[in-house]
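Asker: Okay, these came from TrEMBL:
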type	residues	note
DOMAIN	1-403	domain 'Major facilitator superfamily (MFS) profile'
TRANSMEM	7-26	transmembrane segment
TRANSMEM	46-64	transmembrane segment
TRANSMEM	76-91	transmembrane segment
TRANSMEM	97-116	transmembrane segment
TRANSMEM	136-160	transmembrane segment
TRANSMEM	166-187	transmembrane segment
TRANSMEM	216-239	transmembrane segment
TRANSMEM	251-271	transmembrane segment
TRANSMEM	283-300	transmembrane segment
TRANSMEM	306-325	transmembrane segment
TRANSMEM	346-365	transmembrane segment
TRANSMEM	377-399	transmembrane segment
């Protein structure tokens, strides 16, 4: 029971740490205009800051995995939190543009090079052999809840005071303090597993095998496809507005359901279900199959009479399915026989390629919509379908491979 309570506390702590570390970079999602005004930046300058962050993040996935396998994950996570917390509090003072460029570069180092692979490796350890799905699902659900609370606090302050500067400073101070609370909790709660001399020694020949491991590449395809499908659903809101002609108030309600409520429920549900059926890969296979069938409904809309209510229900179900998959997609790495001491490297390799749609998909989608208008959405949904089929094939192969081994 004590170990169970400690696991829950650590999952909550890591979720708090994740929320804090990605605080400033992700403020663009809800407070883009406030960042522009308070920091006195142009759209180009602000976009450049996020480009700096994103570019360093891509390289950091690979290097961070190796770093995690070579050094203490506890020390790495605490160091990342202390440095990032100091950076968040520093930005409260509204530094100039050159200073912000340095800050965003360093935030990529703390969040992705240092914390991300270390925290993912820690979660796989905390999940043991039978609770990884629950651990990852709960972790994602708590992150969604915390994000909703902090954004809600910012919006409340904005409604009451109309002061963009106060919203900016309050949120950054909250994020900053959350860093140090999480660092202290990790220091007190987390006890790294003891390693034998053989376990502590990293063999580079074994590390290099990860890059050529067919099962690792199978997991990469699964995560790449799921992540690109999530990115494709970013355009569902303009689709409902431009194509279905749904009003702004209704779209706001749909957005809240998709981004907040469904995401939280789906994450926790998926974690429990993955553990119940005994395989996150099997769950991914089911979600890819469901996604492929469901997206055909959106692709068929121009050719048949479909009510907006049915389209909205379809969108919400698709969101639930792919969000469920996303919450446990990294659990799949633990099911392909990678030793725990090389888990950081495997996570880094998988994340580097798996999350690469960030580097190209949004440009492709934007050009498609600008060029082909309504038909541009059909192109996006077709890409979604292709990814669902590719992910289904990859997960089926891994499920069969796992079954043969057992």
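Backbone N, Cα and C atoms are what each Cβ position is placed from, and that goes for glycine too.
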Asker: What residues in the same chain, six or more past the boundaries of the transmembrane segment (46-64), come closer than 8 Å to it by Cβ-Cβ distance?
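Answerer: Residues 25, 28, 32, 35-36, 39, 100-101, 104-105, 107-109, 111-114, 116-118, 344, 348-349, 351-352, 355-356, 358-359.
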Asker: Out of 76-91, 97-116, 166-187, 283-300, 377-399, which stretch touches the transmembrane segment (216-239) the most, going by CB pairs under 8 Å?
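Answerer: Answer is 377-399, with the largest number of Cβ pairs below 8 Å.
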Asker: Count the CB pairs under 8 A between the transmembrane segment (7-26) and each of 76-91, 136-160, 166-187, 346-365, then give me the winner.
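Answerer: Against the transmembrane segment (7-26), the leading stretch is 166-187.
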Asker: Taking the transmembrane segment (136-160) as the reference, which of 76-91, 166-187, 251-271 gives the largest number of Cβ pairs under 8 angstroms?
Answerer: 251-271
